[in-house]
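Chemist: Please see the structure below; I have some questions.
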Amino acid sequence: MKLRVVILAAGKGTRMRSELPKVLHKVANKPMVEHVIDTARSLKPDAINLIYGHGGDQLKQAIAGDDLTWVEQREQLGTGHAVQQVIPHLKSSEKVIILYGDVPLLTESTLIKLVTASANTSLGLLTMTLAEPTGYGRIVRNERRSVTGIVEQKDANAQQLAINEVNTGIMIADSDKLKSWLEQLSNDNAQKEYYLTDIVAMAAREGINIATAQPDNAQEVEGANNRQQLASLERALQQRQAEELMTQGVTLIDPARFDCRGKLSAGSDVTIDINAVFEGNVVLGDRVVIEPNCVIRNSVIGDDTVIRANSHIEDAKVAKGCKVGPFARLRPGAELADEAQVGNFVEMKKSRLGKGSKASHLTYLGDTQVGEYANIGAGTITCNYDGVNKALTEIGDGAFIGSNSSLVAPVAIGKNATVGAGSVITRAVADEELAVARGKQRNISGWQRPQSKKGT
């Protein structure tokens with residue numbers, strides 16, 4: 001049987017107090033609705049319908065995918081009304097899963113449980129059991145434990161309020177039955193809205209066995225209606241990712257102070273200290289050490305490398321046995337070969353540091369290719385930009401660049417060449433040559449400092 005996923009994403013999110021549609025607020029640096037879409041895609045459905053309303057243009061700009069069919073809900077008249085907009089898209093003999101764009105922690109495994117539980121019936125509900133169910137719609141069952149309906153908190157009697165099995169809103173239904181039930185929905189209630197939950201009682205009256213399944217963790221089905229709940233979801237997702245990494249053998253010095261805002265792959269015996277932030281796709285090799293307060297984005301870090309505190313790495317490749325930082329910045333296109341070292345207040349962009357080479361402090365390397373076992377002295381600057389164009393600096397194997405040197409690109413420093421401290425190099429330096437380009441020192445005997453003129 002074919003599978004369709006319908007995602008409700010039309011809500012304004014007034015309590016967010018934001019111009020941004022609620023579902024575009026981010027958890028782990030990704031819009032909530034994008035988390036939901038990714039989970040839906042993991043099921044490999046035949047179709048995904050995204051129901052939008054408030055901020056539709058913003059939503060379409062932020063979320064892309066050829067597999068998405070956009071369905072507009074011009075008026076927000078309840079969850080049932082939202083799903084009614086999908087009726088023209090429904091095909092016979094489909095299973096239809098209904099999800100919510102502000103419930104980002106739902107997992108593939110939970111949805112598979114729901115699909116499996118409802119395989120032989122026309123309706124399945126994802127429910128959960130709570131010690132404190134206040135605020136949720138209760139799942140009403142008869143003496144045979146069959147689901148007969150859902151009663152909202154405000155409508156429940158004392159006996160129903162004692163029920164601790166609650167509705168999450170997530171369900172799966174046969175398309176033909178769903179269409180029939182949706183067409184029967186009424187807004188004859190105080191809010192004058194069409195409630196999707198009303199189809200449960202319809203199914204029960206038809207004698208349909210309503211299946212149920214529950215998530216492994218109640219946090220999976222929590223939504224965000226305000227900033228506090230958004231922060232709670234953020235911390236819950238970070239804790240989930242931290243648990244997964246520790247299960248795989250990663251040491252997290254404090255899991256409560258860990259942030260992964262993308263995908264992190266780690267080898268064996270990796271250690272991550274506090275307040276490290278990982279964004280995009282990051283790969284850490286075996287025995288990598290990440291010290292406190294580092295930000296690593298879309299980068300690969302090789303085996304036995306140490307990233308010292310307060311370093312920032314983006315779109316970079318760091319090979320085996322390297323040392324980076326503290327307070328180093330590797331910008332896009334930076335590459336370190338095996339055993340290279342970049343120290344404090346060193347910045348690299350579109351540059352490669354060869355095997356065993358060092359730039360230990362206070363250096364800028366832009367559009368630079370450094371060979372093996374070269375030494376870049378403190379304060380070295382590659383002057384790669386003339387105001388219009390960028391130019392390349394080449395530094396050969398074994399070269400030694402003295403402190404406070406400026407290398408004006410395009411320029412090449414040969415193998416085992418030496419540049420004297422304080423030099424401004426504008427022409428090529430041949431292999432094994434010494435280049436000194438600085439003003440001649442002049443010492444003046446008997447010179448006196450200026451004296452203060454009193455009364456002025």
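Keep in mind that glycine also has a Cβ here, set from the backbone N, Cα and C atoms.
Straight out of Swiss-Prot:
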- 1-227: region 'Pyrophosphorylase' (REGION)
- 8-11, LYS22, GLN73, 78-79, 100-102, GLY137, GLU152, ASN167, ASN225, ARG331, LYS349, TYR364, ASN375: UDP-N-acetyl-alpha-D-glucosamine binding site (BINDING)
- ASP102, ASN225: Mg(2+) binding site (BINDING)
- 228-248: region 'Linker' (REGION)
- 249-456: region 'N-acetyltransferase' (REGION)
- HIS361: active site, proton acceptor (ACT_SITE)
- ALA378, ASN384, TYR385, SER403, ALA421, ARG438: acetyl-CoA binding site (BINDING)
Chemist: Tell me the residue counts in helix, strand and coil for the region 'Linker' (228-248), as DSSP assigns them.
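Modeler: The composition, in the requested order, is 20 helix, 0 strand, 1 coil.
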Chemist: Just report the maximum Cα pair distance in Å for the recorded acetyl-CoA binders ALA378, ASN384, TYR385, SER403, ALA421, ARG438, no decimals.
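Modeler: Greatest Cα-Cα span of the listed binding residues: 22 Å.
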Chemist: Could you state the CA-to-CA distance between the residue listed as 'active site, proton acceptor' and ARG331 (UDP-N-acetyl-alpha-D-glucosamine binding site) to the nearest Å?
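Modeler: About 16 Å separate the Cα atoms of these two residues.
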Chemist: Taking only C-alpha atoms and a 10 A limit, tell me which of ASP102, ASN225, ALA421 are near ASN375 (UDP-N-acetyl-alpha-D-glucosamine binding site). These are the binding-site residues.
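Modeler: So the list is empty; none.
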Chemist: Express the predicted model's confidence over the region 'N-acetyltransferase' (249-456) as a mean pLDDT, rounded to an integer.
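Modeler: Result for the region 'N-acetyltransferase' (249-456): average pLDDT 97.
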Chemist: Looking at the binding-site residues LEU8, GLY78, GLU152, ASN225, ARG331, whose Cα is closest in space to that of ALA378 (acetyl-CoA binding site)?
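Modeler: When the Cα distances are compared, ARG331 comes out closest.
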Chemist: Inside 10 Å of the Cβ of ASN225 (Mg(2+) binding site), count up the other Cβ atoms and send me the figure.
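Modeler: Summing over all protein chains shown, ASN225 (Mg(2+) binding site) has 14 other Cβ atoms within 10 Å.
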Chemist: Closest of the binding-site residues to GLY78 (UDP-N-acetyl-alpha-D-glucosamine binding site), Cα to Cα, picking from ASN225, ASN384, TYR385, ARG438?
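Modeler: So, spelling it out, the nearest of the binding-site residues is ASN225.
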Chemist: Give me the long-range Cβ neighbours of ASN384 (acetyl-CoA binding site): same chain, 6+ apart, Cβ under 8 Å, in sequence order.
Modeler: GLY366, ASP367, THR368, LYS390, ALA391, LEU392, THR393, ALA409
Chemist: Tell me the Cβ contacts of SER403 (acetyl-CoA binding site) under 8 Å, same chain only and six or more apart in sequence, or just say none.
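Modeler: Those within reach of SER403 (acetyl-CoA binding site), by Cβ under 8 Å and sequence separation of 6 or more, are GLY377, ALA378, GLY379, THR380, ALA421, GLY422.
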Chemist: Here the binding-site residues are ASP102, GLU152; which one has the lowest number of other Cβ atoms no more than 10 Å from its Cβ?
Modeler: GLU152
Chemist: Could you find out if DSSP has TYR385 (acetyl-CoA binding site) as helix, strand or coil?
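Modeler: Its secondary structure by DSSP: strand.
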Chemist: At a 10 Å cut-off from the C-beta of GLY101 (UDP-N-acetyl-alpha-D-glucosamine binding site), count the other C-beta atoms across all protein chains.
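Modeler: Here the count is 27.
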Chemist: Within the chain of LEU8 (UDP-N-acetyl-alpha-D-glucosamine binding site), which residues six or more apart in sequence place their C-beta under 8 angstroms from its C-beta?
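Modeler: Looking at Cβ-Cβ distances below 8 Å from LEU8 (UDP-N-acetyl-alpha-D-glucosamine binding site), excluding near sequence neighbours, one finds ILE51, THR79, ALA82, VAL83, ILE98, LEU99, TYR100, GLY101.
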Chemist: Compare the Cα of ASP102 (Mg(2+) binding site) against each of the binding-site residues GLY11, GLU152, ARG331, TYR385, ARG438 and report the nearest.
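Modeler: So, spelling it out, the nearest of the binding-site residues is GLY11.
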Chemist: Which residue, of the recorded positions HIS361, ARG438, has its CB surrounded by the fewest other CB atoms within 10 A?
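Modeler: Checked HIS361, ARG438; of these recorded positions, fewest Cβ neighbours within 10 Å: ARG438.
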